[in-house]
Amino acid sequence: MGLPGLRAAAWALRRACGPWTPHLGPRLLCLHPMAGNGEAPVPVGAKQEQDKKVRSGWQGPTRVWEETEQQAKKLKSSEDGEQQRKLPKRKIVLLMAYSGKGYHGMQRNVGSSKFKTIEDDLVSALVRSGCIPENHGEDMRKMSFQRCARTDKGVSAAGQVVSLKVWLIDDILEKINSHLPSHIRILGLKRVTGGFNSKNKCDARTYFYMLPTFAFAHKDHDLQDETYRLSAETLGRVNRLLACYKGTHNFHNFTSQKGPHEPSARRYILDMFCEEPFVREGMEFAVIKVKGQSFMTHQIRKMVGLVVAIIKGYAPESVLERCWGEAKVDVPKAPGLGLVLERVHFEKYNQRFGHDGLHEPLDWAREEAEVTAFKEQHIYPTIISTERQERSMAQWLSTLPMHDFSATAHAAAGLGTKAPSSLEGSDGVGDSD
């Protein structure tokens, strides 16, 4: 064969075997044993590469495509959750207002659906609005949740504050409120320090107790005389008695949970007074305000109840002084309907962090108009209408004659303690914590 023939044969071989590669040389044909059946011959280099992929677990483009599709579906299904997890989770406080009628207090009873609380509705709204994951609703410790005050059954609030960690989603207040009933509102939100605890950082709490003024009428008067109007003289006497609570005292007789020797029964009252009365729907009402560092269960209701019993003539004024002693005193508990948590105070926190350039002071001055509007729309009308329908104050007043306010004088004598004869100079105004 001449040179032209050799060149032609080489080109034919190159076309058949593929391009020349320096490390393998020309790709030689590897004929399959069944090549006679019409199967295409496989180049030797391709065969080796295919065997290598099989040994390494490679299963072809079909398998890769299937796995890619599954991953895409998984990513798509968790897209919202991934976006939420990327949002900043920060410690905040929420300013809450609510009407407590129909609720068994503020604090949630996990695992109990029989007694509905304010926090049940709040947690549900937080989950549904996307502020917290669902498992945080089941275990509130995961979001570092803490309430400033644990209000009792039927008690309302115009300025409750709770602290928690949430995802700071857009339009967060609007979204939370969209999942809450109209008688529960979130009125404000502020960023706080990471270790903030609304209960521990609270310096004081202010409550008010709204009651019809016929509660101060003498016991010989009609129990529910809606035409009764509180005189300036009686209002002055009410305020003189309320001032006796100011200062530090042993309030063990104003709760069922403490004994006379427990240090935690000593509480500090900063102020307590009754405002000028006002008329709503033909009935006169008055508001008693009290500010203290902290309060025990039923303490405020018993403080109001004892003053009412004294003003009406069922109990002597000396019973107030006896309450500070070790002897057990029968103190009546006023209805829960009129009690409202008005505001909570964070004075020490504000002094330290309120003007550091990173955090706002927790004073809620900008939300004051909304707080007032909520009281006018939901709290005051509920107290007035419920009092008219259920007559809770009138019914409670009818139970006062059953209390024996003099029995403890004998008990105190038996214990060797002397009961003071007057209140003069013993109101504890000068005491402080």
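Every residue number used here counts from 1 along the chain in the order it is shown.
Note: Cβ is positioned from N, Cα and C throughout, glycine not excepted.
ASP152 (active site, nucleophile) has a Cβ environment of 18 other Cβ atoms inside 10 Å. The active site, nucleophile annotation in TrEMBL covers ASP152.
The substrate binding site annotation in TrEMBL covers TYR207. Of all Cβ atoms in the shown protein chains, 26 besides its own fall within 10 Å of the Cβ of TYR207 (substrate binding site).
What TrEMBL records for 245-347 is domain 'Pseudouridine synthase I TruA alpha/beta'. Averaged across the domain 'Pseudouridine synthase I TruA alpha/beta' (245-347), the predicted model reaches a pLDDT of 96.
The annotation region 'Disordered' is assigned in TrEMBL to 43-64.
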Key: the domain 'Pseudouridine synthase I TruA alpha/beta' (245-347) - residue tally per DSSP class, helix then strand then coil   = 26 helix, 33 strand, 44 coil
Inquiry  = Quick check for the class: what is the C-alpha distance, in angstrom and rounded, between TYR207 (substrate binding site) and ASP152 (active site, nucleophile)?
reply    = 13
